[in-house]
Each structure stands twice: as C-alpha cells, then as structure tokens.
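Colleague: Following this message is one structure expressed as structure tokens.
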Amino acid sequence: MIRNFFRHLLESIKSVKRNGWMTLASVSAVTITLTMAGIFLAVIMNATKLAQDVEGNVEVTVFVDIGTKEKELKELKSELQEIKHVDKVTYSSKQAQLKKLQSQMGDAWDLFEGDSNPLYDVYIVSATDAQYIRPVTREASQLHNVFRANYGGNSADRIIQMAKVVRTWGLAAAALLIFVAIFLISNTIRITIISRKNEIQIMRLVGAKNGYIRWPFFLEGGWIGLIGSIVPILVLTYGYSQVYGIAAPYLLQSNLALLRPSQIVWILDIVMAVGGYLIGSLGSVISMRRFLKI
C-alpha cells in the first residue's frame, strides 16, 4: 500500500511537469486567489481586534504642542482634570513615549534618541467610563497648547470601514477567483486524463480498482494547489511584518495595536496551505467526475 502511494505520488509529480502551461495557469490562478483571500482575512481579523480595543478603551491621548513651557504644561493638566467625566490625568514625556515604542518595536527606533525624537509630550486622560471617551476627546482637543486629542477611534473606524468594504466586495472577488482556479485545475486534470487514456483502459482490463486509478489525478490537483500557496505564504509572512512595522507606532500612540506577526502570520500560512490543497483537490474531483468514466 505504501509502495502504491509513492508510485501515485511520483506519477502526479510527472503530470504536473508534463502539462506545462496549463499547470502554470492553474498555479497562477491559485496564487492570485490565495493572496487576495489572505489580505482580506488579515484586514478583517485586525479590524475585529481594533473594534474590541476601542470598545474597551477609556483613555484619551492628548498631544501637547511642541515648545510648550513647564508652567503651561501644569495649567493644561489642571484644565484637563476639570473636564467632566475625567478620572485621572497622567503626563508622559516624549522620551517616555519613545521608550514605550522601543520596547514594542525593538531597536529600529534607537536612531530617534535625543534631538531626533519626533514624538510629542502627551497627557493620558482616563475617562470614568468608555461611553464618555468621545466628549472628553472633543473638549480636550479645544484646549490651548493641545496639538490634537485622540482616543484611537478615527484610526479604528477607518480600518473597520475598510473591513466592511473588503467583506462585501472582497469575498465576491475571492469567490470568482476560486471558481476560475477550480476551472483551470479541472481542465489541467482533464488533459492528464486524456493523455493517459490508453493506460487507464489497460488498468481497467487488468482489474485495477477505481481508487487506484483516481489517486494520481487527486494528488496532481493537490500539488497544483500547494505550489500555488507558496507565493501567498511568502507575501503574507514578509508583507504583514512590514505593514505592522509601519502602522504599529502610529496606532500605539492612540493606545491601539494590530495583531503581532507572531499572533497572526502562522494562522494565515496554514489557511493558505490548506486552502490551496482544498482548491486543487476540488478541481481534481470535479474533473474526475466529468471525464474519468469509472
């Protein structure tokens, strides 16, 4: 049985190489489909997390104008404390903010030490309840010496809105691409079936079981799907880390965070590999049902 499996495996690899351009077209369709699906999934997962972060957030980050003097800082703190529904006001210098970023992002931010620090001094304003975050933000943003006040809602809202668009149009596009990929794989397997027509007839005559005849075609579809998942896995593994490195510092200033690469990349990679294999296998099954009369 094990010997037969390896024989089928070898035959499926030969078929993948033999079918040339059709195999390449099928692999390309799977690659594009999985890349788009992976991006959609990453956006939706992060939008869900940001929505949860905003829902439970009771802190407003108030960015102080550059050049504000110490006396004015104290006056600003008093004004923030007088805002209705404010529970606590905590000062954090731009040096402290930089250290916070360095602890989250690593050594990449070390070059901003000293005079190169691009961050702002901030006040972290805690509201008594999450429902008061928006009014506290509005009032704080109108005070003198305040550059801006942010609770992360705007950033999160944009990503959540993007996720809604992705969910509506992205899933429709992904479904269309999956259909195209399955169609191309089905035709690739059909070519293999036609090219091995005489061999299949001989196997039938000598009493080969249906499963024995089908296995190479099933494995061929699986190979096409797995090969098609390689590029999406590489793109998402590297690309997500780059996006995280760019976006995380800005979101962190608003007490928000994307899913860390270590939390999400392995999930996306598994989904890509399994998804590729399933798409390839489904294409094989459809082709065998239509063209392999056994």
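These residue numbers are counts, starting from 1, taken along the chain as shown.
Placed from the backbone N, Cα and C atoms, the Cβ positions cover glycine too.
From a predicted model like this one, the values you see are computed outputs, not experimental measurements.
Sharing the feature lines straight out of TrEMBL:
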TRANSMEM  21-45  transmembrane segment
DOMAIN    58-146  domain 'FtsX extracellular'
TRANSMEM  171-194  transmembrane segment
DOMAIN    173-294  domain 'ABC3 transporter permease C-terminal'
TRANSMEM  215-240  transmembrane segment
TRANSMEM  264-286  transmembrane segment
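Give me the local environment of each listed feature.
Modeller: Within the chain, the transmembrane segment (21-45) has long-range Cβ neighbours (under 8 A, six or more residues past its boundaries) at 159, 162-163, 166-167, 170-171, 173-174, 177-178, 180-181, 184-185, 187-188, 191, 224-225, 227-232, 235-236, 240, 259, 264, 268, 271-272, 275-276, 279-280, 283.
Only residues 6 or more beyond the boundaries of the transmembrane segment (215-240), in the same chain, are considered here, and those with a CB under 8 A from a CB of the stretch are 4-5, 8-9, 11-13, 15-16, 23, 26-31, 33-35, 37-39, 42, 181, 185, 188-189, 192-193, 261, 264-265, 268-269, 272-273, 275-285, 287-288, 292.
Counting residues 6+ beyond its ends, the transmembrane segment (264-286) has Cβ neighbours under 8 Å at 26, 30, 33-34, 37-38, 41-42, 45-46, 178, 181-186, 188-189, 217-218, 220-229, 232-233, 236-237, 240-241 in the same chain.
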Colleague: Would you list the DSSP helix, strand and coil counts for the residues of the domain 'ABC3 transporter permease C-terminal' (173-294)?
Modeller: 106 helix, 0 strand, 16 coil
